[in-house]
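Annotated domain 'MSP' per TrEMBL: 6-126, in sequence order. Among the features that TrEMBL reports, region 'Disordered' is placed at 128-153. Per TrEMBL, compositional bias 'Polar residues' is recorded for 141-153. The annotation coiled coil is assigned in TrEMBL to 184-211. Annotation comment: TrEMBL describes 219-238 as transmembrane segment.
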Amino acid sequence: MSTGELLSVEPQELQFPFELRKQISCSLNLVNKTDNYVAFKVKTTNPKKYCVRPNTGVVLPRSTCDVIVTMQAQKEPPLDMQCKDKFLLQSVVASPGATAKDIAPEMFNKEAGHPVEECKLRVVYVAPPRPPSPVREGSEEGSSPRASLSDNGNLNALEFTNAAKAFVEQHDPQDNSSEARTLISKLTEERNSAVQQNKQLHQELELLRREVKRSHGGISLKYIFLVGLVCVILGYLIKSS
């Protein structure tokens with residue numbers, strides 16, 4: 001924490017978990033340690049790259065204020081994950097009851113004799129959190145995501161799609177490494193194999209249904225024959241009596 005006479009600033013570094021093509025935000029906490037109204041202004045060496053809200057404001061006596069700094073989505077990774085961008089937080093005592101509308105640029109002009117307190121902040125890129133593994137619990141370690149058949153025998157395309165999506169999200173779209181191509185090819189082959197197995201199961205099921213129908217037809221004829229035979233015997237016995 002930077003401890004000045006007017007404002008305390010935390011943290012001292014603007015840490016961004018860097019990811020390509022994604023806006024990233026971090027916050028600064030300003031603490032007014034005095035009984036005065038304190039006006040502040042945030043400047044940066046790269047204003048087109050960052051959005052600061054609010055970039056000016058007033059912190060009430062013995063109060064705090066949060067400043068959100070958002071880095072615009074970047075198309076290319078920085079060299080060695082290093083950043084030379086800097087921020088400058090200027091603070092000055094304001095009139096009692098002052099609001100953000102009362103802040104004027106000349107208030108932060110040190111050449112005009114105003115006592116301006118300054119705090120310099122640097123930007124640091126950190127590694128983003130690792131995404132969860134696409135392999136479900138209970139799967140063998142190191143095994144690739146597999147498409148499966150649902151209870152009704154249809155291909156569960158959702159599992160395959162989710163697995164492929166999770167893989168793609170972990171890699172840059174322009175990544176043409178042999179490992180990426182191999183895994184994508186393997187997933188495609190396994191999906192096609194599952195579809196073929198599904199068709200084969202349907203064919204076997206249809207054959208089984210036909211055999212059951214023929215079997216039922218044979219039982220019905222045998223039953224009719226037995227009933228007829230019993231009737232003949234009964235008729236003969238009645239005549240004999």
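Backbone N, Cα and C atoms are what each Cβ position is placed from, and that goes for glycine too.
Whatever TrEMBL says is automated annotation, not expert-curated.
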DSSP-derived helix, strand and coil totals, residue by residue, for the domain 'MSP' (6-126): 13 helix, 61 strand, 47 coil
Reported mean pLDDT - the coiled coil (184-211): 78
